[in-house]
Amino acid sequence: KILFEDGTLYCPQHRSLTSVRSQPGATFEEFADSLAAMAPKARVAKPKIPKGTRDFKPDQMTIKQEAFEKITAVFKRHGAVSIDTPVFELRETLTGKYGEDSKLIYDLADQGGELLSLRYDLTVPFARYVALNGITNIKRYHIAKVYRRDNPAMNRGRFREFNQCDFDIAGVYPSMVPDAEVLKVLTEILDDLDLGQYEVKLNHRGLLDAMLDIAGVPPEKFRPICSAIDKLDKEPWDFVRREMVVDKGLEEGVADAIRPFVELRGQPQALLAKLLDKGHAFAGHAGARAALEELRTLFGYLEGMGALANIVFDLSLARGLDYYTGVIYEAVLKGASVGSVAAGGRFDTLVGMFSGKDVPAVGVSIGIERIYNIMEEQARAQAKEEGCSIRETETEVLVASIGNGYQGRRMGIASRLWARGIKAEFGFKANPKMSDSLGYALKQGIDLLVVFGENELENGVFKIKNLVAQTEVTVSSQGLEEEVLKSLAALPKRRAIFTYNSVNKATADVESKLKVNA
């Protein structure tokens with residue numbers, strides 16, 4: 001820009017003239033301010049988050065925490081202990097454990113010290129933990145974030161940063177006993193979450209290896225071919241066959257020999273009987289017979305625990321991770337398009353990769369992000385249908401006052417309630433209207449109001465308004481906490497979604513009894 005003596009400012013970029021002549025007697029600073037006011041405002045870049053990640057709003061966290069609580073309750077019900085491990089591991093810890101998925105591991109930049117990577121799952125860190133601490137048996141759960149350099153498909157629950165909920169049993173136990181309990185844990189979780197109809201597809205690594213051996217697949221191609229087979233839940237046979245032949249270098253006749261095996265699927269005990277028949281190709285294969293006997297034992301345990309109804313024996317299930325050695329499984333929701341919501345299996349040799357001594361182990365990983373997506377969709381649909389809102393807080397009591405100057409007293413009363421473990425708020429406004437306090441309680445789904453004004457303070461009492469039962473009681477100051485606890489105990493179980501209509505009817509009644517204007 002060019003400033004002329006007459007106070008005219010010329011802008012070459014816009015070819016414009018602007019008068020910036022200062023007022024008579026203006027100081028240099030005032031003149032400079034007038035110039036600064038004409039300068040283009042700096043553009044502030046809109047904040048973004050990394051691709052494949054997301055923020056969670058308060059109402060979303062309500063649903064997510066509900067899922068965590070239900071899952072954790074099942075883990076604890078089965079006597080599992082909780083552990084935690086670092087979010088990053090030595091790169092050598094993760095290398096060679098995930099087959100073709102190893103390319104999805106996030107490597108951290110070398111800072112001149114140890115080579116590190118973000119954990120890909122919670123299973124390998126668990127095996128490292130068992131080996132490092134010399135553990136011979138443990139039943140544990142772990143809920144934490146993992147990271148994958150995947151192509152995110154957030155509408156299908158695929159992220160680069162996401163939570164997993166793992167349950168594992170490590171140690172030497174009678175055959176298939178831990179496997180049966182892990183599958184029972186999985187079905188209990190899916191039942192408790194009430195996400196709709198589901199099935200748990202189950203197979204055995206021994207059967208996969210046997211069918212590839214019988215079909216004529218070279219042993220060095222077992223894992224790459226299994227990785228291709230694992231795509232059959234998303235792709236048609238022709239696509240998978242082409243990958244086997246073109247990408248993996250398998251002979252066409254060998255690929256065709258695999259097809260009759262991977263098309264086998266059905267009720268566990270019925271299909272097991274078919275595969276045990278002397279006329280089946282598995283009859284002459286020692287590895288297949290051993291795997292089938294393990295499955296016979298497993299299905300018997302599952303039937304005894306009432307956990308067999310949702311199990312489907314599916315020979316196309318392959319699970320691409322290298323560390324699985326026995327039974328493998330994957331849970332999917334019928335009619336949903338989010339992929340598997342849980343997966344796991346037996347990994348008897350993984351611990352030995354770190355210590356040289358194998359510790360048999362079996363486990364399952366719950367894909368909480370995909371489950372959360374379904375829960376949120378269901379919750380919002382229910383909220384819309386019922387005219388409801390999703391609760392953002394767990395506040396049970398709102399301390400409200402009538403009149404001015406009671407901020408400190410509200411804070412003191414809330415402190416008394418907090419001391420008894422009661423979830424309470426007092427409001428930050430110095431002199432809130434009673435109608436505002438009531439409206440806030442209704443909006444947040446707060447069931448009880450502790451109300452006082454000048455008259456109540458003079459008489460040493462408080463009023464407790466129950467917005468659910470639409471009742472009001474007067475209680476002495478000394479008996480406040482006990483009466484609040486009594487009222488809370490009588491309330492129905494709090495839900496993540498509450499209905500406005502169930503409390504709106506109380507509004508006029510509350511205002512009438514408290515003699516305030518809405």
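Including glycine, each Cβ sits where the backbone N, Cα and C put it.
Of the residues Arg148, Arg289, Arg296, TrEMBL places Arg148 in the same L-histidine site as Asp121, Leu122, Thr123, Gln164, Asp168, Arg319, Tyr323, Tyr324. In this view, Gln164 (L-histidine binding site) is surrounded by 19 other Cβ atoms within 10 Å of its Cβ, with every protein chain counted. The domain 'Aminoacyl-transfer RNA synthetases class-II family profile' (52-378) scores a mean pLDDT of 93 in the predicted structure. Of all the Cβ atoms in the protein chains shown, 27 others lie within 10 Å of the Cβ of Thr123 (L-histidine binding site). For the L-histidine site, whose binding residues are given in the record as Asp121, Leu122, Thr123, Arg148, Gln164, Asp168, Arg319, Tyr323, Tyr324, the maximum C-alpha distance rounds to 21 Å. Residue environment of Tyr324 (L-histidine binding site) contains 25 other Cβ atoms, counted within 10 Å of its Cβ in all protein chains. Taking the binding-site residues Asp121, Arg319 in turn and counting surrounding C-beta atoms within 10 angstroms, the largest count is reached at Arg319. In the three-state DSSP scheme, Thr123 (L-histidine binding site) falls into the helix class.
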